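According to TrEMBL, the protein carries these features:
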- 12: active site, nucleophile (ACT_SITE)
- 14: active site, proton donor/acceptor (ACT_SITE)
- 12, 14, 172, 173: Mg(2+) binding site (BINDING)
- 12-14, 28, 47-52, 55, 79, 117-121, 148: substrate binding site (BINDING)
Ligand SMILES: O=P(O)(O)OC[C@H]1O[C@@H](O)[C@H](O)[C@@H](O)[C@@H]1O
Ligand SMILES: [Mg+2]
């Protein structure tokens, strides 16, 4: 039994538990430069929570020519190979402040713990961070038809945890992610700027400020 009114918590990974945005930026930046497309840190902000092909589409939206599906796939694969090289150096030192304490607090309170990341590298990142065994269920992004802001990924996590959506809360750093939680019918904790994450039920600066609602 949980000591909270909620029975489960579903965490996002990138930007909540660890900061991979920098690695995504470096990998997309090299690709954009190679294609002669403008891309900067501000543009990278809009890619948070957006899946790989969706991110590529946003980057290529400012390109001066059209790309075939085969070209897009090749570019996404090239970016991912570079990204994988970058995350290979990750370790538990890359856990954000409060991340492990938040997971352990949820465990001690009797909550089921899920992970809902659209990253197809989530299992690798969790392994590098050494926290895979802290989750009861991890959504495999390859099994999801629609990325965030669609509710599918949070609904799947709740279903696999055996908990009704209304008895779950989600934790997210991205606007698209908070929208996904809310449209799944869950309570949303935003991690970041309240002026940006306006749809969240509460916003905290980082997981060091995490409290079970
Ligand atoms: O390319 P991957 O590892 O499948 O990641 C997909 C997305 O995963 C999300 O978690 C990140 O916030 C996005 O920036 C990223 O594009
Ligand atoms: Mg995120």
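Placed from the backbone N, Cα and C atoms, the Cβ positions cover glycine too.
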Those recorded positions in 12, 28, 172, 173 whose CB falls under 6 A of ligand 1, listed in sequence order: none
Which of 14, 173, the listed recorded positions, has fewest other Cβ atoms within 10 Å: 14
Taking the recorded positions 14, 117, 120, which residues show a Cβ-atom distance to ligand 2 below 6 Å? 14
Under a criterion of Cβ-Cβ distance under 8 Å and sequence separation of at least 6, what residues of the same chain contact residue 172 (Mg(2+) binding site)? 12, 16, 49, 178, 180, 181, 188, 189, 190, 191, 197, 200
Alpha-carbon distance [residue 14 (active site, proton donor/acceptor); residue 28 (substrate binding site)] in Å: 16
Find the one among the recorded positions 14, 52, 117, 120 whose C-alpha lies closest to that of residue 173 (Mg(2+) binding site). 14
Using an 8 Å cut-off from the Cβ centroid of 12, 14, 172, 173, can you name the remaining same-chain residues around the Mg(2+) site, in sequence order? 11, 13, 15, 16, 48, 49, 117, 171, 174, 177, 191
Binding-site residues near residue 14 (active site, proton donor/acceptor) (Cα-Cα within 10 Å), from 52, 117, 120: 117
With the fewest other Cβ atoms within 10 Å, the residue among the binding-site residues 52, 120 is 120
What is the Cβ neighbour count of residue 49 (substrate binding site) at a 10 Å cut-off, with all protein chains included? 25
Within the chain of residue 117 (substrate binding site), which residues six or more apart in sequence place their C-beta under 8 angstroms from its C-beta? 12, 13, 14, 139, 141
